[in-house]
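Now, the feature entries from TrEMBL:
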- 35-69: region 'Disordered' (REGION)
- 38-53: compositional bias 'Basic and acidic residues' (COMPBIAS)
- 98-117: transmembrane segment (TRANSMEM)
- 180-197: transmembrane segment (TRANSMEM)
- 217-236: transmembrane segment (TRANSMEM)
- 220-362: domain 'Peptidase S54 rhomboid' (DOMAIN)
- 256-275: transmembrane segment (TRANSMEM)
- 308-329: transmembrane segment (TRANSMEM)
- 341-360: transmembrane segment (TRANSMEM)
- 379-403: region 'Disordered' (REGION)
């Protein structure tokens, strides 16, 4: 019985030793480099032909030649040129952003022309109503009516109305440019607060950061113009916008300024996309710096002799033309040197668009809006309740643009 137990124990040991390599091989997958390390025992050297593998040549046997080919494929990295379709696919991603830039810019200026027409028409109708009220002598009756209505209100309602009246007086004290800037600042503040909500981080990264490598690269071209993650970044951009808002709106008007601002944000992002794709630095960016640079460049080009200063150094002053040249030179150097602190391509694109629009774009785009306004006027006149045009369809709405 003792030898039988020893025999059974020896048999189990041999079975385990013989099965264990198979089980290990079935549980772990070896890489090509590992498979090549366990080769079979070399055969006796024989002469083989290289062409057909028959005796008489000097080449290796078929089995060893196959092992050598496998080892060469596994160890030698692929150093050939990239596939021919790689570059077109990279640049092909810019087709949709380019079409969106062209279409959005055209629609922005078209909508601005229609908005200016509707605004002017509303002002004319309001003036007519006020003239009729004064002519019929209904002002005194209206004052009596509102006096009786005020006496019927509670103290809380009166306080609310007084507060609303104070806000309305403050709003009316602002210039048109400051009113436009206030609306833009409010939108940027809301987006900044959304960045602080953890549940919205995924959506904010997807729609409010511009990256040409993203699957959704079109809509963020516009939304990233109102997106700031840092409070300091937003404060700096909005301060510059507030400073130059009155000047730019007095030059272009509210409607044209809004079209230029939105188009500048998209165009500057498109320039950034092109530079990122060309250099391969596909990192996301956000902020209103491109649109702000358009406003700054437009004002500095139109008024190059205006004096500017630095908020922390009031004793230092310089002309607007020199400031624009310095900013463009710095952004050009940053783009060439590859600085990544700012999106210098977007800054440079926005500045060049501002200079171009004041010099040529206003004549090419805004002054040729008369056919669109006439078509819109004909549509509005045919609609129920439509009236005649308020002061001519091809007029500038009483607001001259830059010459």
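Quick reminder: no glycine exception, Cβ is built from N, Cα and C everywhere.
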Going along the chain, which residues at least six beyond the ends of the transmembrane segment (98-117) come within the CB cut-off of under 8 Å?
218, 221-222, 253, 255-256, 258-259, 262-263, 266-267, 270, 365-366, 369, 372-373, 376-377, 393, 397
Who are the long-range neighbours of the transmembrane segment (180-197) in its own chain, taking Cβ under 8 Å and residues 6 or more past its ends?
174, 204, 208, 226-229, 231, 234, 237-238, 241-242, 245, 249, 254, 257-258, 261, 288
What average pLDDT does the predicted model assign to the domain 'Peptidase S54 rhomboid' (220-362)?
90
